[in-house]
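A.B. asks: Swiss-Prot feature annotations, pasted as is:
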- His141: active site (ACT_SITE)
- Lys162: active site (ACT_SITE)
- Asp180: active site, proton acceptor (ACT_SITE)
- Arg248: active site (ACT_SITE)
- Gly156, His157, Ser158, Gly159, Leu160, Gly161, Lys162, Ser163: ATP binding site (BINDING)
- Ser163, Glu205: Mg(2+) binding site (BINDING)
- 269-274: region 'Important for the catalytic mechanism of dephosphorylation' (REGION)
Amino acid sequence: MPSISVRRLFDDNQYKLQLAWAAGNSGADNRIGVEADKPVLALVGHLNFIHPNQIQVVGLAESEYLNRLESGETGYQFGDLFDISMSLVIVANGLPVSPGLRDYCHKNDIPLLTSKLESPYLMDVLRIYLQRTLAASSVKHGVFLDVFEIGVLITGHSGLGKSELALELISRGHSLIADDAVELFRIGPETLEGRCSPMLRDFLEVRGLGILNIRHIFGETSIRPKKILQLIINLVEADDEYMKQLDRLSIRTETESILNVNVRSVTLPVAVGRNLAVLVEAAVRNYILQLRGKDSTREFLERHQTQLKENEQHNENRPD
């Protein structure tokens, strides 16, 4: 199961969430991870002793209860209620940290952070952050591009010209996200987000030219950090026999399953004389039209059927 350390969570959100260490620095390497029986959204919540969250957030009501607990009004002690398996405690709303909570976290190596932000907002941001960071992931070989604001993954065997095609599309104003190893994350039930590893960011390998820094050559707008994957274009090597067998009026919608998410796919034959960059742009434009409920193939077939019916009626009404 994917997990992250408290240290990384703190580093990634320190300024946005106004986080500060209060105690338990020795537990900075505690792991926060997805459990088999709990979704990511259940990792964060207000202080709960019955079903403890991995990240326990102390708000106004929880702080008041802890003060009563420390004064002995409840008849319980911290050790009776707290689960030492929790990964992190955050005191929100700019509230002071009670000495009892500070000592308990220090003794049990539980990181204790404070934040000036209100607890509901704090939890919302952390849930979104964890949902993206701990998302199920996969790596696909190909080139991931932003074409007409649509995330397009170009796949195919080595040597078919994926990088050259990507370079042509970038020169036409589209943007590169990742080359060679595209990292895909399922950030929602039906949503895949494609990213590039930090090591490969900005680079595109083109045979004969070597490794190119696309940002330096084409400018800042030629690079995107991430994009939702919406369309897969698979390049296949095509000979004369393949082209003869190709269904030229296919109305079947092809999809490819990645991390249990079905993504629309299009197969483009690679042959001498075919302008692949124009074909990719046309495929993306056609996909956008289909999202709007317009299907050119079905429209043509309907028009064809209408014409056939009109011809039949004309022949029936014609005198012998």
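From the backbone N, Cα and C atoms, a Cβ is placed for every residue, glycine too.
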A.B. asks: To which of the binding-site residues Ser158, Gly161 does the lowest count of other Cβ atoms within 10 Å belong?
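C.D. replies: Checked Ser158, Gly161; of these binding-site residues, fewest Cβ neighbours within 10 Å: Ser158.
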A.B. asks: Between the Cα atoms of His157 (ATP binding site) and His141 (active site), what distance do you get, rounded to the nearest Å?
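C.D. replies: The Cα atom of His157 (ATP binding site) is 9 Å away from the Cα atom of His141 (active site).
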A.B. asks: DSSP secondary structure for Ser163 (ATP binding site), reduced to helix/strand/coil, please.
C.D. replies: helix
A.B. asks: Quick check: with Gly156, His157, Ser158, Gly159, Leu160, Gly161, Lys162, Ser163 left out, which same-chain residues have Cβ atoms within 8 Å of the centroid of the ATP site Cβ atoms?
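C.D. replies: Other same-chain residues near the ATP site: Leu235.
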A.B. asks: Between Gly156, Gly159, which of the binding-site residues has the fewest other CB atoms within 10 angstroms in the structure shown?
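C.D. replies: Lowest Cβ count within 10 Å among the binding-site residues (Gly156, Gly159) is Gly159.
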A.B. asks: Within the region 'Important for the catalytic mechanism of dephosphorylation' (269-274), how many residues are helix, strand or coil going by DSSP?
C.D. replies: 0 helix, 2 strand, 4 coil
A.B. asks: What subset of the recorded positions His141, Asp180, Glu205 lies within 10 angstroms of Ser163 (ATP binding site), using C-alpha positions?
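C.D. replies: Within 10 Å of Ser163 (ATP binding site): Asp180, Glu205.
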A.B. asks: From the Cα of His141 (active site) across to the Cα of Ser158 (ATP binding site), what is the distance in angstrom?
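C.D. replies: Ser158 (ATP binding site) to His141 (active site), Cα-Cα distance: 10 Å.
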